Amino acid sequence: MSSINQIEAADKALAAQAATAAAQAAAAAAKAAATAQRAVAAVAPLGPAMLDARQRVALWVPSLVFGILYALFFLGLALTTLNPKAWSDVKAAVLGRKRRLRRPSADDECGAAEGCGGRAKTAALANGGAGHAAANGASGGEVRLTQIHRPVVLTWEGLGCAYNSPAGLVPVLQDVCGEARPGEMVALMGPSGSGKSTLLDMLAARKTLGRLTGSVLVNGKPRGPGFRHISSYVPQDDNLTPQMNVVETCQLYSALTLPAGTSPAAAAARMDEVLAAMGMGHARDRLVGGVLPGGLLLRGLSGGERKRLWVAVGILATPSVVFLDEPTTGLDSAAAVAVVNLLHRTVVDSGLTIISSIHQPCSAVWAAYDEVSLLARGRLLYFGPCAEMGSWFEGGLGLGPWNPAKHGILSDWALDLVSIEFTKPEGMGRSIEGPEELRAAARAFSRHYRAKRLAAPPAAAANGARKGKAAAPNGRARAGGDASDGAAPHDADSDGSAGSGRAVRSAAGGGDPELGGGRGWDEISKAAKYEAGGGEDEETDWAAAQPAPDWTAGIKEGADESDSLQRASWMTQFRTLVWRELLSMMRNPVDVAGRMLCFVLLACFMGLVFWNLDLGADGTRNRVNALFLHTMFLLLMPFVYLSMYANDRRVCVADFSARLYSVSAYYAAKQAAVLPFVSANVIISNLVVIGMVGLNTQPSAVFVLCAVSIVFYLLAQQVQSFASIVTPNQEAAFILTIAYTSINLLMSNFIMRFRDMAQHWVSGLRWLSAANYAFSALLANQFRGTAVSCRQGLNPELVGFLESLMPNARLLRTSAVQSMLLRPGDDCVLNLNAVLDYFGTTRPLWVYSLALVCYLLGVHALTFWGLLRLARKERR
């Protein structure tokens, strides 16, 4: 009995323990139910706030239609601008039909007559601006440029340049002297690698790199910073915008280069004057043409016309001195002669001082120059009148003799004479054969040049120059190499270098600070003047047999450029550059129109893939996938236009080198012009995706999605721009952006969650991933504080996948579990905050948004720093 009682007591104890456990389980279940109920109450049901598929049609269809019409509009605008003839034919056909439909009247006939008169005026302007010339008293339809307000005599003494290298100091220019006077064209000539470009950059105040010596005087006074305001530099390769026509190009450069306060009427008159003088009146409305950013080829001006337009914008601001880097390179002989003839006529008419480098000129081009500076291996072998160069080499050095029938024109013979890198042609006679003879010839000319400059006083030289100019039969004076301006003789050192370390100063005081303190020879006069002399040139059709103007009468002793007018203000630069950027983008078919088409088509394709997602568990999972792909598309889209960023770099580098505008004005204008088009592209594509996929259609959610997408796309685009600026070429930029994109993909928290990474320290790179911030912001915007009904249960395919994945889990196959998974009940709710918990998106939405904005500002700062660095690097 005792054992039976013990068993009964044990059973009662077990029953009591089971009852206690059941009570505890019931309490826990009740508590869990209450917690779930509170969680459900804390979220807003997403379903009632979502538009159904039919309602969303009213969102994405109009957006899609607008995007297509938007792209077609800008495509048509670009094509009509790029092909004005076809557009004119269409307009003529339409207007002609309208005129036939109405009865002509007397007013119409009068209007037609006025139209004929207008066409006659246009034709007159196209033929060289005869009307403008007549108003100025010119005859024969010749247009004369306005005389410059201050002629300039540019004198350079002892210029030298050397670079440091592992082997020591390497000189590229040594002991170069010369002078350029108003109304004259000076040629810098020599074999390849002789130092022509270095000399031209030093004279134009563009050379800052290297060890520079010597001095440059402006009207006898050391050159100052304001010299850039009265001079113009025309590079060899033009930087014209292909989408702009001739008049618009001139308007661009007039706004940037003419003095502040110039009235629109005065600017237009100056443009008409310069275009007529350059023979471009017939092409006023013609596009410049060329290869557009993106690869399209646009037909426009010929090579000669482009060069003339490039020169025209260089002299638009009425400079006193113009520097041209090989203006005839790349042109055929006829175009080269036309360009040089127009330059010479401009010099004679306006009193410009032109210095240009030339390479292997033909006879007609050679005849247009007044003086020549012949260089070889950085040494000066001759400077003086072109016609006297042969007599110096033959009589002064005993070389040659020159036989025109055998050796060609004088310039060809001289180039062959001083070239020591190649075998001399047969029949050259005595020639310069090696480096030692070259240095000896340079020393001989240095002694001769300085002795002649010392021989005559400045007054006699000035009188002789004026007399010589008046006596020149072809209207051009030849400045004689025999005159001097009072320079003390100084024999060159043993290697012909000016860098002997002797203390030399200008008589005007100091020297050119941009050239290392003004090294030169003692007692340089205030204004150097040559005697006239030399032979006569062959007659040409552009040189009238009349005395040339005495431009030296307007030269003020010691006058410098300090009183030059101020160029365009920052705001003027900003407005002008915004105008240029807008024209460039809108007239490029692959830019504004192409970008919108890419965005719209990609949005449509994405909408078809994720079409009309449901509100259940499967729809939630696919919405997460859609948001991630949307983020990646925004990140990758700028790669399509990488070549455009490279083109922007080329354009701004050339303009910075010419100091056409400030870095800040360009950067601000670029961003201001791009922002509206980027915003339109992103907003339209987002509306299409929201409507087709079925994302959150609450107004606040739509706004946040568009705002985050715009900021993230601007950031991705800015990274591409930054890479193009800080790398030397497009290939290096592509490599850099691919590396950055890879980090964004791997650190997006979608492909691999940060908490799942075995090497947790790698997850520290997530702070560099802008895609992480953008994806987290889109998740928080889509799911935070929302819930959807799950009464339809899980997808049977997913349940079958779980059974296959866990074949030994027998509970999955029980009816209770199957019923719970497939038919959970009408009160089943999915709390979408769980999605954010799964990806670790626990911070508020504004934190991720602010992080994106700060990231964008940081990339902007880096890009601007890169531009500043690039502008300084382009110092020559």
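Heads up, the Cβ atoms here are built off N, Cα and C, so glycines get one too.
Keep in mind that TrEMBL annotations are predicted by a computer and have not been checked by a curator.
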Select from 304-323, 324-343, 444-463, 764-783 the stretch of residues annotated by TrEMBL as transmembrane segment. 764-783
Under 8 Å, at least three CB pairs between the transmembrane segment (764-783) and the transmembrane segment (625-644) (pairs 6 or more apart)? yes
So, do the transmembrane segment (845-868) and the transmembrane segment (702-720) meet, by the test of 3 or more Cβ pairs under 8 Å (sequence gap 6 or more)? yes
Quick one: do the transmembrane segment (675-695) and the transmembrane segment (57-79) have at least 3 Cβ pairs under 8 Å, skipping pairs fewer than 6 apart in sequence? yes
Report, as numbers and ranges, every residue of the chain located at least six residues beyond the transmembrane segment (592-613) whose Cβ falls under 8 Å of a Cβ in that stretch; write 'none' if there are none. 53, 60, 64, 67-68, 70-75, 78, 294, 585-586, 619, 622-623, 625-626, 629-630, 633, 637, 640-641, 677, 680-682, 684-686, 688-689, 691-694
Just to confirm my parser: what is the rounded mean pLDDT across the domain 'ABC transporter' (143-402)? 87
